[in-house]
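Below you'll find the structure, written out as structure tokens, and then a few comments.
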Amino acid sequence: MPAHILQEISGSYSATTTITAPPSGGQQNGGEKFEKNPHHWGADVRPEIKDDLYDPSYQDEEGPPPKLEYVWRNIVLMALLHIGALYGITLVPSCKVYTCLFAYLYYVISALGITAGAHRLWSHRTYKARLPLRLFLIIANTMAFQNDVYEWARDHRAHHKFSETHADPHNSRRGFFFSHVGWLLVRKHPAVKEKGGKLDMSDLKAEKLVMFQRRYYKPGLLLMCFILPTLVPWYCWGETFVNSLCVSTFLRYAVVLNATWLVNSAAHLYGYRPYDKNISSRENILVSMGAVGEGFHNYHHAFPYDYSASEYRWHINFTTFFIDCMALLGLAYDRKRVSKAAVLARIKRTGEESCKSG
């Protein structure tokens, strides 16, 4: 990439907009008061939401957990998908180059629909996006097929607020397999339904684009996740139908799913905890590579309101780079960032001893 473009994007990053007070009159931009300020804050002052912050007062009730209720439809469908994906791996050498490039591009866009869309924009409100970007992200999210934005955000806010309890949809204390995929193969724990149902989701209910996706999600996901990625290689450059189905669709979809799931499983079990040793989430570079920047998980749980989800800007974090590029184009704004002083103070206060300095 030309140096002058990188400089412009870097300059856009340094001009991160920061909310300095709850919005009330004054200068307006997108209906909210904010100002550009190079001195980033360390405390969460988002006016939109608070239900993604950890609630230490919630504790699991004593007694044996309820009996697991298997969802056999999900078990069968997940098994068939991964069988198709494994077969797709054997077909990659016979695929046309265009098919491999198309599948990779589809994977990246799908991943951004989760990371930049459902996660950092709609679950945590760490930045704001104008309509063209929100439209792109809602389409990309539909391509990813990991539940609609509303349901994804509700589960994720519950994961943060009730982390490592039975009210956490993918509680890592129940083991690697459960937090990775098992939670999707059984009925939700009653605590997930109870506590998740009480979360404040009014910000998403008020967003017409999110509600439109939720209303038409089934036909949308069939088109964007399965039909389109199968037909495009087959029709446009003469790829075989089986290669299109098993590589561009099954393999690509399985990779996106597992990259996201590893954030819930591996990044809660393997890695180091420089910011907070008292929580299970960890920094995992390998997860960040696959999940386009979501592997800095100890930082993210310590500072869920930081749009970068990492202390280190673009380092193994394509999602942050993407958001900064959108900011350069004027499509993303009000990106929230934690000050270096606040990060260092948190490391000193709660970080693992091996990660502290000075």
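Just so you know, glycine gets a Cβ as well, placed from its N, Cα and C.
Because the structure is a prediction, the values reported are computed rather than measured.
As recorded in Swiss-Prot:
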type     : residues               : note
TRANSMEM : 72-92                  : transmembrane segment
TOPO_DOM : 93-96                  : topological domain 'Lumenal'
TRANSMEM : 97-117                 : transmembrane segment
BINDING  : H159, H268, H297, H301 : Fe cation 2 binding site
TRANSMEM : 217-236                : transmembrane segment
TOPO_DOM : 237-240                : topological domain 'Lumenal'
TRANSMEM : 241-262                : transmembrane segment
MOTIF    : 297-301                : motif 'Histidine box-3'
- Task: Write out, in the order they occur in the sequence, the residues of the chain not among H159, H268, H297, H301 that have a C-beta within 8 Å of the mean position of the C-beta atoms of the recorded Fe cation 2 site.
- Result: H160, S163, S172, V263, N264, A267, I279, S280, S281, N298, H300
- Residues of the same chain, at least six outside the topological domain 'Lumenal' (93-96), with any C-beta under 8 angstroms of its C-beta? 233, 237-240, 243, 247
- Are there residues at least 6 beyond the ends of the topological domain 'Lumenal' (237-240) whose Cβ is under 8 Å from a Cβ of it, and what are they? 94-96, 98-99, 248
- Message: Which secondary structure state does DSSP assign to H159 (Fe cation 2 binding site), in the simple three-class scheme?
- Response: helix
- Query: Looking at the binding-site residues H268, H297, H301, which one has the fewest other Cβ atoms within 10 Å of its own Cβ?
  - Reply: H301
- Item | Within the topological domain 'Lumenal' (93-96), residues counted as helix, strand or coil by DSSP | 2 helix, 0 strand, 2 coil
- Task: Check each residue in the chain of H159 (Fe cation 2 binding site) that is at least six apart in sequence and keep those whose C-beta is under 8 Å from its C-beta; list them in sequence order.
- Result: D168, P169, H170, N264
- With DSSP as the reference, give the number of residues of the topological domain 'Lumenal' (237-240) in helix, strand and coil. 0 helix, 0 strand, 4 coil
